[in-house]
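Below is one structure, written out as structure tokens, with a few remarks after it.
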Amino acid sequence: MAQIRIHEINTRIENEVEVSKFLQEEGVLYEKWNISKLPTHLKENYSLTDENKAEILAVFSKEIADVSARRGYKAHDVISLSNSTPNLDELLINFQKEHHHTDDEVRFIVSGHGIFAIEGKDGTFFDVELDPGDLISVPENARHYFTLQDDRQVVAIRIFVTTEGWVPIY
């Protein structure tokens, strides 16, 4: 279950109902998908083959189709980051640069953890700490950045409005 940390006042929101309400008020789509249907050999697997990635997409194909139909998404893929990822530290430095996109940035966490820091409507940033089963859509034009939690590993399905993917605007 996602948790929220508001930067300026270092306040945490951990209750599921309160997290959902907070994100809805900020215009952030949040859903919880059933992660238990992921096959055991794909859980906490950060060295994915193309076949593994295709299998992950197949497992969640109904959910992907549903959110895509509701929100106009056209493409998706699977990414994996861990300490075995070449140049992970350089990638994280790049990910942590505040930016926005002209379309939604959507991620579903399959394994591991991630954090989206998002600028709220009041101008203060808040973290959305994501766990397996969490789907988030950062709204278009919302300033944000992404990083990993202390375990430094994540497998995520990325869902895009266009087949070209997101273009960051710094």
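Yeah, the Cβs are placed from backbone N, Cα and C, and that goes for glycine too.
Note that the structure is predicted; figures quoted are calculated from it, not measured.
Summarising the annotation, Swiss-Prot assigns site 'May play a role in metal incorporation in vivo' to E98. Taking a C-beta cut-off of under 8 angstroms and a sequence separation of 6 or more, E98 (site 'May play a role in metal incorporation in vivo') has the following same-chain neighbours: A117, E119, R143, H144, Y145, Y170.
The secondary structure of H99 (Fe(2+) binding site), as reduced to three states from DSSP, is extended strand. The number of other Cβ atoms within 10 Å of the Cβ belonging to H99 (Fe(2+) binding site), over all protein chains shown, comes to 18. As annotated by Swiss-Prot, Fe(2+) binding site applies to H99, H101, E105, H144, with the evidence given as sequence analysis.
Counting only same-chain residues at least 6 apart in sequence, those with a Cβ under 8 Å from the Cβ of H101 (Fe(2+) binding site) are V138, E140, N141, W166, V167, P168, I169. What Swiss-Prot lists as Ni(2+) binding site is H99, H101, E105, H144, and the listing cites sequence analysis.
Around the Cβ of D104 (site 'May play a role in transmitting local conformational changes'), the same chain contributes L29, R71, Y73, S137, V138, P139, E140, V161, each under 8 angstroms and 6 or more positions distant in sequence. In the three-state DSSP scheme, D104 (site 'May play a role in transmitting local conformational changes') falls into the coil class. Per Swiss-Prot, site 'May play a role in transmitting local conformational changes' is recorded for D104, and the stated evidence type is sequence analysis.
Same-chain residues at least 6 positions away in sequence with a Cβ under 8 Å from that of R107 (site 'Important to generate the dianion') are, in sequence order, G114, F116, L130, L135, I136, F146, A156, I157, R158, I159. Here Swiss-Prot flags R107 as site 'Important to generate the dianion', drawing on sequence analysis.
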For E105 (Fe(2+) binding site): intrachain residues, at least 6 apart, with Cβ closer than 8 Å: S137, V138, H144, W166
Other same-chain residues whose Cβ falls within 8 Å of the Cβ centroid of H99, H101, E105, H144, the recorded Ni(2+) site, in sequence order: H100, V138, A142, R143, Y145, W166, P168, I169
H144 (Fe(2+) binding site), number of other Cβ atoms within 10 Å: 20
